[in-house]
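What TrEMBL says about this one:
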- 53-137: domain 'Ig-like' (DOMAIN)
- 142-248: domain 'Fibronectin type-III' (DOMAIN)
- 261-353: domain 'Fibronectin type-III' (DOMAIN)
- 370-395: transmembrane segment (TRANSMEM)
Amino acid sequence: LSQLPGWSVRPDGSIVIATGNDDALGVYTCTPYNSYGTAGESQPTRVLLKDPPAFTVRPKGEYFQEVGRELVIPCVAHGDPPPTVTWLKVGSAEKSGAQVDGNSSLIFRPLVKEQHGVWECTATNQVASVSTTTSVHVLGTSPHAVTNVSVLPLLLAANVSWEPGFDGGYFQRFSVWYTPLVKHPPRAHHDWVSLPVPVGAQHLLVENLQPDMSYQFSVLAQNKLGSGPFSQIVTSMPRGFPVTTVPPEPPAMTMHIFLSPPQALTANETLRGVLLQWDPPAQFSVALSGYALELRQDKGGWEVLDRSIPSTKTQVLVPGLIKDAFYEFRLVAFAGSYISDPSNTVNVSTAGMEVYPSRTQLPELLPQPVLAGVIGGICFLSVAVIFSTMAACIMNRRRAARIQKRRQGRSQLAGC
């Protein structure tokens, strides 16, 4: 064995082969002995080399597909002996209606919302087992439930935070729902109170809670297609004032407002559209990052119209509104990781307008090439008129000179 690199014998008589190769192939026997001799060798055993599974075709890291469509995810592996390929959704004991074809590909026909998530492809034979994962994103659905909801109890308040779920391919909003836990409620079902969450935020401070009373909290996600499922319910109790024998002095509490909303939002109708003007937030702890403009039409849901307005701007022009419609606008401000509450809402009605905005009313908005052509045409016509006038004057003078010469010649002939 000393002549074979990586081979060794353990004290119990076992052979250790560090690296399996063709040198290890063959038939082996083991002969035990001591000072009295041996009872003979063992039965022969054969060593064979087998290959563990290896993927020849791996699935991509992510797949995006519309709900109701077909999605095929390949996964091919080889080995000796040939491995068995299986698929499983991570966190679920079932394949959620998916099928596996003869080429070990995972088939969704049709793709449904519940199949969104991480899927694992595993190749197994007698030697080893290997696996790889891919993420399936189902588009065109309502949002998925938020996860990791936590509640931090504060003085007469609670800070609720969470991690957003997949948005279904559309912009999603959140709302926090809470209700007190009453031992003997006056009604069979107590009411839940909902609070909207500012755009982009993943936490909300719920204030004005009763001390030493338990509350239940849940978070709901919504997009343009509807509401997702409620998150798991978390129970928490806000802190009350400490009880002492001597009444404490009222603590000097300073409410530090990180970012107040934009102020004095107004709307004015112009020939080019609706001009929105506002004043910056009155209080902010860090420099402003910018603004986001939200609108809704005819009392519908709020949508983000422009989320990249520079912080240096205090006005923005909104063109492209349709006639006979009712619009509402509001602003939110960004400063670092903070998002303000919405500003005041302004209303704009386009009732009775023929076209809004009308490009026939906007000659100054003509494209530069067209405008240059118009100016060039006007200049050409002006030069042509000037040259025509000058030519007419010259011709008239020449004609008058010829007539004058003819008259003089006739007068001389008459004198003779």
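Each position is counted from 1, following the chain as shown.
Positions of Cβ are set from backbone N, Cα and C atoms, glycine also.
Here the domain 'Fibronectin type-III' (261-353) has a mean pLDDT of 80 out of 100. Using DSSP to sort the residues of the domain 'Fibronectin type-III' (142-248) gives these counts of helix, strand and coil: 0 helix, 47 strand, 60 coil.
When the domain 'Ig-like' (53-137) is classified with DSSP, helix, strand and coil residues number 3 helix, 46 strand, 36 coil.
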